[in-house]
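Annotated features, as they stand in Swiss-Prot:
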DOMAIN    7-482  domain 'UvrD-like helicase ATP-binding'
BINDING   ALA28, ALA29, ALA30, GLY31, ALA32, GLY33, LYS34, THR35  ATP binding site
DOMAIN    551-914  domain 'UvrD-like helicase C-terminal'
REGION    778-797  region 'Disordered'
COMPBIAS  787-796  compositional bias 'Low complexity'
REGION    1132-1165  region 'Disordered'
Amino acid sequence: MTATGKREWTPDQLAAIRARRANILVAAAAGAGKTAVLVERIIQRLTDPEDPVSLENLLVVTFTEAAAAEMRQRIGAALEAAVARDPENEALRRQLLLLNRAHISTIHSFCLWVLRTYFYRLDLDPGFRVMDPAEVDLMQLEVMDRVLEEAFAAEPDGGPVTDLADSLGGRGDANLVDLVLRVWEFSRSLPWPEAWLEQVTSSYKVTPETPLESLPWYGELRQMITLELQEAAWYLEQARQAAAAPGGPAVYLDNLENEKEQVTRLLEEVGDLPWEELNAKLAAVHFGRLKAARGEDVDPVLKERAGKLRNQARDLLYALKEDLCRDEAAVRAELERSGELVATLVGLVRRFDAALREAKGRRNLIDFSDLEHLCLRVLLDEGAGPGRLQPSDVALELRQRFAEVLVDEYQDINTVQDAILALVSRQDVAENNLFMVGDVKQSIYRFRLANPDLFLAKYRQYPEGEGGPNRRILLKANFRSRQGVVDGVNFIFRQVFSPLVGELEYDAAAALVGRAGYPENPAAATPAVEVYLQEGKVAAGTGAGGRTDLPEAVGAGKGGKISGGAGYGETLSGYGAASPGGETGAPDLEDLTALEREALLVARRIRRMVRGTPERPGPEFQVWDQEKKEYRDLTYRDIVILLRATRDRAPVFLEALKQYGIPAYADLGSGYFAATEIETILSLLRVIDNPHQDIPLAAVLRSPIVGLSAGDLARIRLAAPGEDFFTAVVKAAGAPLLPFTARESAAPSSTATGSGGALDNQPGQDPVCIAPYIEDTQEPWRDDHPGPGAAAGKAVPGKDRDLASLLREFLARLERWRTLARRQPLGDVIWQLYRETGYLEFVGGLPGGAQRQANLRALLDRARQFEGFARHGLFRFLRFIERLQQNEGDLGTARALGENEDVVRVMSIHRAKGLEFPVVIVAGLGKGFNLRDLSGDFLLHGRLGLVPLYLDAAAGIKYPTLPYLATGHRLRLEALSEELRILYVALTRAREKLILAGTVRDLPRQAENWCASLFLPGEQLPPVLTSRAGNPLDWLLPALARHPDAAAIRDLAGVGGGHLLPDPSSWQVEVVRGGELPDRGSEEPGVQVRVTAGYQGTESAGQQENPGLLCSGWPGGSRELAGAVTPVQETAGKTVAPPGSNIAEAGVEPGVSPPAGAVSPQDETGPTWLQQEVARRLAWTYPRQPLTALPVKLTVTDLKRRFDVFNEGETPLRPGENTFTRRPAFLQSHQGLTAAERGTATHLVLQHVDLSRPVTGESLAGLLQEMVEREILTPEQAAAVDIRAIVTFFAAPLGKRLLARWEQVKRELPFSLAVPAVELYPGLPAEAAAGEIILVQGIIDCLVEEEDGFLLLDFKTGRIPPDPLAAYREQVRFYTRAVETIFNRNVKEVHLYFLDGGVDFKVTS
């Protein structure tokens, strides 16, 4: 369907709709209308006048339940329309009646139907229940605990399992548990998991006669070596071309040609050589020393380019040699050790699988994995096995029943699911009936064990022509995106996709063909694609306090402007007024992370698009409304921000959007357990389960449920310093010991009761309050346990209750709640807690209240679901939650926002799959790929098996074996292919405008790397380069650099020529360099901004947001908290209390009420309580105030100044003392280089001196010239270097020691050392400074490793002080301490060498 709503089937779509009697694979590109084609095919099958089928004879398999519901709805709508056109057609009416019984479902729902129908074939109890995922996790962890406990018990003196656990390391057995579960889960994605486990084990049973070259991993190792050699050859060829160019360093040519010949020859032989010969030839690769390229005719740019490329090739090959260097005997020894580890691991997996099956069978439970495997058992004949899919009589029966099997999103199925579909579809030539739709470029669920190779195999095998048993049909037309978006997407992916990275060619068959047909509109978005590149570091001294215009920008693409940053982001904290005129103050750019600045950039761009600028208010452009069939102004709901992952990044964008007054929403699917309201209720449940848990108990007491202050908790702690906190609470309450209290009985003490006691509430102290408004059904406490006010003869009614009575009330309720937990179902207990405390209503009044309430209701729902588990109870529920958190699990936040609200959505790319938006912003493109799975102790691959590092816990050895390197190479290529497909999904969500944003460090250097693509022939980027990508920008920018509109990137790299690719796409490219925070501009006062998320921050509800609201001293508490909370209105950013409330009258903040006996505000005989409270708070001082003035870090030079006794008039720095005494540079008259600048230049030369050959005046002169050419030194700095002094040093005995051991010399070695603060500032109070450290940083000029220790040299270029050893002793002491700490070797000598006088001072300890 086009944008205008006209349904005009393309020839390819018609072919997919009408093709019959063949297995058909429809490769549908993004926006190709595959769902519409699938629905139309079904309708035409149902209404075919010659061969109609019934809905009950179709099997339609979708990827999600939502997709199945949509498919059912579309089919129903089409049938209703057909009935409306032909109301007398009984067959159509019957199909409508059959719709709800039709097999339109996910693969799991179909498997469940098979098991419910044919349960007797498996001796399966028909009353089985499918476990909730939470139950599955809990059962797996419980079973794993039991399996490991038995395994360790069988090895009291150690054994294979203990060895494996020790080799994996980590705290406890968490790493081993995770590994066993991961291997088990992976095996269950295969049709015959036991056969795969056996294959994995047997692959390590290698005899001495087995050639290494025959093992499955060796082919991958060869490919890895080949790619490395190809990359090195490419670098060398580029270096050779630079050297051979006019003005190039021609003297490099001999070396470059020789080195390239070595690599080329090895490339030709790598496929045929056995390992021993290949290893020897790799070890023989050698790079010699380049000749010096001098003279005015040598272009420094070409010289630097040639040298840099050659060094890249050298470093790459030397690293390869180091990784692979081992003989065949060593390889076989590694295989033997790996085999031992794998056999032990597989044994644990088998034991776990058997124990889990037994546990599930005992309770008549199955999980989703069981659904697939049990269904497969029903459908397989007894003689079936790996590679032999022989259908059972049930499978043959279903083949006859289903006239056609239609599969949506075929690229996302796994091997087990594919086997099930093959068994229920017809396989004979005349009656093939499997119809598969998908797009392998959108296969992004490998982490869920989807196998895109299944789609690719059929894609390559099936022909496009008609007549055969199998057929491939391509749907290339894109009905979603404007032509500009389509052209931009094609331009990028045509260059990047390859069989190596992406796993297919992006050729004419894969490219998009624009067919959206948007009507012309001058106000539509143009250009369709924008790119914003931001530098990750900010220049020192920049900030928001200066200019308010945009950061400096360098260049722009066609139609673009040279401008700087824009804004990003949004927030989580519910409602808040936009800051008029930036009242809250603009943050300093140096205080913002790169992600925060990128989020601000995105937010500012959104605000401009929707609201315009002061000069041009209103939306920047219009979008097409598909429902109204007309153009309309852009709104927030038209915009989505897509991120690779949202868990830690979406909150940053939410906050930035809030700063710009932009409503936004993010359904993160995580952060549930971090939500304050969930933490509070879980803490309460933990206390109910076991009150002797200090942290949960303190959390509950401090929470709004009780509302104690930090001072109250401290006073409680003092009541029983040596006991647990609950015992302290009991003693502080002066309460009798309840049945669940600990160890001993204690009568009320003077510290807990009586006037003037430590726990009394005195005027001026933090107000103590408990939730006095919760339902009070308890008997009053006995008179023999009076509160602290009783000793003074004062009553303790209502709001004037003291701490002890509040604690007694809490303890009484806690005992009742514990009794309730033993008698009632868990869900009822939680609901009773909500009802009694009023906490559910309370959080509803906080910012983000709807989300908070949704989270609490979700906890209640999950507790009730948990009750379905046979072994239920509060303890097990809490244990399940804890284990889930330990394994980094999350239940996902509850959804609290409708889809049609006018907000910007922030979501992950995975969640956006299948959706489309008028404006798509893909952000975070500079974020590195997450390849953590490639660096674990064990690698896991379907074909290559289980591959461990070489692990020897006893010897403390861990390193990669050859199979590990080969498997890691294969997994890396597969992971990169997945990331490329994810990027394709992101870019193809856009209908009318696509915006790309990313941040990288050292932008000019990165641009130079990206622009290397300009010197490559052909259109497709070499796979050896795309396989080296570290983030999406490493694909996007090398491709985009070749576009005529990308001048900004080429200018940044300093590249003027190269190979540009003419293309119809139009791009706007803006580069943001350093700079300042973009101006947020003036916001209209009173704007209320809602920004919510399926995530809550860690602020303490009711403390930071509305302190003590539950504890407010308002009279007349109701039975539930909700009735006692007075609503607070927000108007134009100001908080306004309701008329007549005591907040408005007394000016007291909510939740702060006078303690018992305080003077009322109307009492004029003395200071009011409020005045006392204000005075107390103003008089408070921070107990560790001296530490606030300490520096976080010091340099060794700073320390030298502190201890320099020869600087008359100076005194050691004191904390907080101002050290800025130099005049600003712009006020200084320029009198040539300063002594410090001359010293810096000299140190740079000493750092670059070639120590492998004699140091002469001539060699140093050549070095200085080269450093000037490379812009390391300016000519003025080079002229200031004293060559003669350096030559003198190297001619002296000390210099000769450096030259003699030049390979062991380390120069300009930076270090950081943590030093106790009291060591540097002895005058600090001991208590205040306890545990405080200061980071000392420095750079060691020269360190020489000799046989018996280190020789440390510190070069000096200034004057020689009267006593140099005393002047620099503290400085070299820290140098020595750092070296000995870092290298764990002694420093035997320290020398100060003054170059100006050629004087050597040996420093003694």
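In case you wondered, yes, glycine gets a Cβ from its N, Cα and C as well.
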Model confidence over the domain 'UvrD-like helicase ATP-binding' (7-482) (mean pLDDT, whole number): 91
Local Cβ density at ALA28 (ATP binding site) - other Cβ atoms counted within 10 Å: 26
Lowest local Cβ density among ALA29, ALA30, ALA32, which the record lists as binding-site residues, within 10 Å: ALA30
Other CB atoms within 10 A, centred on GLY33 (ATP binding site): 24
Lowest local Cβ density among GLY31, LYS34, THR35, which the record lists as binding-site residues, within 10 Å: THR35
Cβ-based neighbourhood (8 Å from the centroid) of the ATP site, residues ALA28, ALA29, ALA30, GLY31, ALA32, GLY33, LYS34, THR35 excluded: VAL37, ASP439, LEU475, ASN478, PHE479, ARG480
DSSP-derived class (H/G/I helix, E/B strand, else coil) of ALA30 (ATP binding site): coil
